[in-house]
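Okay, structure first, notes after.
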Amino acid sequence: MDTAEEDICRVCRSEGTPEKPLYHPCVCTGSIKFIHQECLVQWLKHSRKEYCELCKHRFAFTPIYSPDMPSRLPIQDIFAGLVTSIGTAIRYWFHYTLVAFAWLGVVPLTACRIYKCLFTGSVSSLLTLPLDMLSTENLLADCLQGCFVVTCTLCAFISLVWLREQIVHGGAPIWLEHAAPPFNAAGHHQNEAPAGGNGAENVAADQPANPPAENAVVGENPDAQDDQAEEEEEDNEEEDDAGVEDAADANNGAQDDMNWNALEWDRAAEELTWERMLGLDGSLVFLEHVFWVVSLNTLFILVFAFCPYHIGHFSLVGLGFEEHVQASHFEGLITTIVGYILLAITLIICHGLATLVKFHRSRRLLGVCYIVVKVSLLVVVEIGVFPLICGWWLDICSLEMFDATLKDRELSFQSAPGTTMFLHWLVGMVYVFYFASFILLLREVLRPGVLWFLRNLNDPDFNPVQEMIHLPIYRHLRRFILSVIVFGSIVLLMLWLPIRIIKSVLPNFLPYNVMLYSDAPVSELSLELLLLQVVLPALLEQGHTRQWLKGLVRAWTVTAGYLLDLHSYLLGDQEENENSANQQVNNNQHARNNNAIPVVGEGLHAAHQAILQQGGPVGFQPYRRPLNFPLRIFLLIVFMCITLLIASLICLTLPVFAGRWLMSFWTGTAKIHELYTAACGLYVCWLTIRAVTVMVAWMPQGRRVIFQKVKEWSLMIMKTLIVAVLLAGVVPLLLGLLFELVIVAPLRVPLDQTPLFYPWQDWALGVLHAKIIAAITLMGPQWWLKTVIEQVYANGIRNIDLHYIVRKLAAPVISVLLLSLCVPYVIASGVVPLLGVTAEMQNLVHRRIYPFLLMVVVLMAILSFQVRQFKRLYEHIKNDKYLVGQRLVNYERKSGKQGSSPPPPQSSQE
């Protein structure tokens, strides 16, 4: 077998020839050591990599130039290449300027001017619209406002397309379909209610689609059968009107909807990329897209803003409510919402009339338009109105906590209505979000089926838009009212009542100090940055808080279960938990046997009816009902309310009290914002609970292990403190002081005044600058500082390497900062006076040397960059004119320099 000893190419498995010699360009050995240059180049083009995928060694090529190439390029060649590069740059600059002008100037400006023209309400504005388009008055403000208008129209367009997809794939409501509902596998109509009523209480929570937003708390069980009966009655009425032609039209319509995204649409989407659509590929096709975007903006402004606004405006004027709407400071928004409400009523009336006269295509079009308006209004109510109500109710119930009155809130609303409403909406959204998060935590602890009246947000079938499409409007209205009652009652229980108790028991504890000014000697900026950079990351980035809360909920549930004999109801039985896997398998098999796959005409309604026809609700576990079960449930609710009240009292008093006591050592008797005291108290409480939980976890391991762990943790804490002093103390202080000397002092302090430096402010700003520099470094290219920071992050606190951090990170950074601070000072204070200059010149040099040296460093960096760019241009010109090929460089093991030979010039690599 002589061929086994011959050198062959790793790709084509051929031997080397004088015309095609073999090379060994990387560290690989054995049968994959050698390769032809042509094979390697072909493989590199295919893989789009410049290194060996096995040994990670970068391949090197040496350029081959023409024999008549001079040692130095002639001036005329360099000048010609420079002119060509400048011409290419100018052409690209003109093109990208045109692109930016079109998308950032023409599109938003036309949108804003058309919007103002339509809402001016005069014919003269419509006639002068072409001249207004060319006007340069308020150009920047109109562009910014136009960007907002364009964003709204694009969001509306995307929402319409997405809503259409929801209707196509999820199925339209039953009342919108033309034909009679198809039969399911059991032989019943799709809209018939199930015969069995067992477990209706638990099934109803999983019954139709999940509630539309996070505020619908109360389930819809009592009216499930009524709703199905109403839908059945509607469908039976529609059956009398629909014929064979209608069924064919419905099937064809559904088929047309499914064929809307055909292959040609996919092919067109593949050809249209973002670069081509925006004009970043160098073509002028984007001008057509600009025209279509402007037309789309005009159409959407006219249809979705102009028409509803004027419908609402004429209606309010006719009813005499115009003055009340104007007094709300949100005339445009309220008028538009009223217009949409009237439009929805008009559409549903026209839909009914079209049904009576059997205009089936018009009937379907009117129904789809009604669904669009209905979903839009429900989204506004769920995401806008409900959090706003919660935010205002929270504010009203907490007025005594801040020593405020309703008159103060009215004055703040009159002075800044938009800001006030946004802040209250934001507070309400936070409240709703944390309430939903707490419900998710409860589901992890309690028995499946306990919270049957609450939505399961983790349900994979959860789709609020489908609920908005399918459920009638009165059910959404009822859910909204019940949710407002439930959320409002919780606010009364956990905020208003604890405040009343605190004021009666601790009269001097309230109100909280929330003034925007402070007479404390410590800078507000320092406290804010300390809060944002130290306290909040520790409280938010740790997963221990959720585990502690989950443990408290589990302990409370176990206690309440044994006290009230509701352990089986709350947590389930152990025997049932052991057999839960078998039950789940049986339930899944039962579900597969009963659930019919919905066809095109059925959609989501059939899926919901399939869920209803199961033997029990999804995820339900049976439980044992003790005697006097309703009374025990009532006592459980009372016990829960008392627990929530006590927990709220502790949360409102303990952190603030601890924070005030600790901050008094720092600020004395001066009053500061309660945000800082509460944050400080929460941080101390968190540290205390964390230490207690760690000690409790160590207790079962014995005294020797505890001493060993205490020793390890003490050593780790000492190392961490040293690193914190260097990296979180010295480095930010030097960085903030350097920023003060280079930027702040020359800009803010005149030459005839002496700048004052505040170490706390400099340190706080330095912390912010250090985090920004670290983030930019980690996002940038690979260099020694990024490598060191990544290594420190990878080690973490438990494996902290003090020697590595001091030697590789702290010492170099501190040395550079000290040199940046000391060298200019030595020059200004030690060298300049020896030159015999005047005192004014010495003061000028002393105050301006830091920004001057910064400018020198920046100019040197720019000059170095330009030199590198000129070298690249020189190589590019030389390669374009004299390069005839490239030769692969062999890897030499014995020579480190050859083994790590640098890659060829970028312009010559292929």
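Residue numbering: from 1, along the chain as shown.
Cβ atoms are placed via backbone N, Cα and C, with glycine included.
According to Swiss-Prot, the feature N-acetylmethionine maps to Met1.
The DSSP secondary structure for His36 (Zn(2+) 1 binding site) is strand. As annotated by Swiss-Prot, Zn(2+) 1 binding site applies to Cys9, Cys12, His36, Cys39.
Taking a C-beta cut-off of under 8 angstroms and a sequence separation of 6 or more, Cys52 (Zn(2+) 2 binding site) has the following same-chain neighbours: Pro25, Cys26, Val27, Cys28, Arg58, Phe59. Per Swiss-Prot, the feature Zn(2+) 2 binding site maps to Cys26, Cys28, Cys52, Cys55; the stated evidence is sequence analysis.
Here Swiss-Prot flags 164-283 (among others) as topological domain 'Cytoplasmic', drawing on sequence analysis.
According to Swiss-Prot, the region 'Disordered' annotation covers 185-256.
Packing against the topological domain 'Extracellular' (305-336) from elsewhere in the chain are residues 115, 118-119, 342-343, 413, 417-418, 421: each is 6 or more residues past its ends and has a CB under 8 Å from a CB in it. Look at Swiss-Prot and you will find 305-336 (among others) tagged as topological domain 'Extracellular'.
The topological domain 'Cytoplasmic' feature in Swiss-Prot is assigned to 358-376 (among others); the stated evidence is sequence analysis.
Within the chain carrying the topological domain 'Extracellular' (398-421), a Cβ under 8 angstroms from the stretch's Cβ atoms is held by residues 329-330, 388, 495-496, 499-500, 503, 510-512, 514, 652, all 6 or more beyond its ends. Under the heading topological domain 'Extracellular', Swiss-Prot lists 398-421 (among others), citing sequence analysis as support.
The average per-residue pLDDT of the prediction over the topological domain 'Cytoplasmic' (443-480) is 85, rounded to a whole number. Swiss-Prot lists 443-480 (among others) with the feature topological domain 'Cytoplasmic', giving sequence analysis as the kind of evidence.
According to Swiss-Prot, the topological domain 'Extracellular' annotation covers 502-519 (among others), on the basis of sequence analysis.
Look at Swiss-Prot and you will find 654-678 (among others) tagged as topological domain 'Extracellular'. Mapped onto DSSP classes, the topological domain 'Extracellular' (654-678) shows 19 helix, 0 strand, 6 coil.
What Swiss-Prot lists as topological domain 'Cytoplasmic' is 700-721 (among others).
Across the topological domain 'Extracellular' (743-764), DSSP assigns 12 helix, 0 strand, 10 coil. Sequence annotations record features per position, and here Swiss-Prot assigns topological domain 'Extracellular' to 743-764 (among others) based on sequence analysis.
Applying DSSP to the topological domain 'Cytoplasmic' (786-815) sorts its residues as follows: 24 helix, 0 strand, 6 coil. For 786-815 (among others), the entry in Swiss-Prot reads topological domain 'Cytoplasmic'.
Residues or ranges marked as topological domain 'Extracellular' in Swiss-Prot (evidence: sequence analysis): 837-848 (among others). Residue counts for the topological domain 'Extracellular' (837-848) under DSSP, helix first, then strand, then coil, are 10 helix, 0 strand, 2 coil.
Residues or ranges marked as topological domain 'Cytoplasmic' in Swiss-Prot: 870-910 (among others).
The Cβ of His36 (Zn(2+) 1 binding site) has 22 neighbouring Cβ atoms from other residues within 10 Å, across all protein chains displayed. Packing against the topological domain 'Extracellular' (837-848) from elsewhere in the chain are residues 745-746, 749, 751, 827-829: each is 6 or more residues past its ends and has a CB under 8 Å from a CB in it. Long-range contacts of the topological domain 'Cytoplasmic' (786-815) within the same chain: residues 716, 719-720, 722-723, 726-727, 730-731, 734, 774, 777-778, 780, each at least 6 residues beyond the stretch ends and with a Cβ under 8 Å from a Cβ of the stretch. Those same-chain residues not listed among Cys9, Cys12, His36, Cys39 yet with C-beta within 8 angstroms of the centroid of the Zn(2+) 1 site C-beta atoms are Arg10, Val11, Arg13, Ser14, Lys20, Leu22, Ile35, Glu38, Leu40.
Helix, strand and coil counts from DSSP across the topological domain 'Cytoplasmic' (443-480) read 18 helix, 0 strand, 20 coil. Note on the binding-site residues Cys26, Cys28: the fewest other CB atoms within 10 A surround the CB of Cys28. Shown for the topological domain 'Cytoplasmic' (358-376): DSSP residue counts in helix, strand and coil, namely 17 helix, 0 strand, 2 coil.
Each of the binding-site residues Cys9, Cys12, Cys39, Cys55 was scored by the number of other CB atoms within 10 Å of its CB, and the largest score is that of Cys9.
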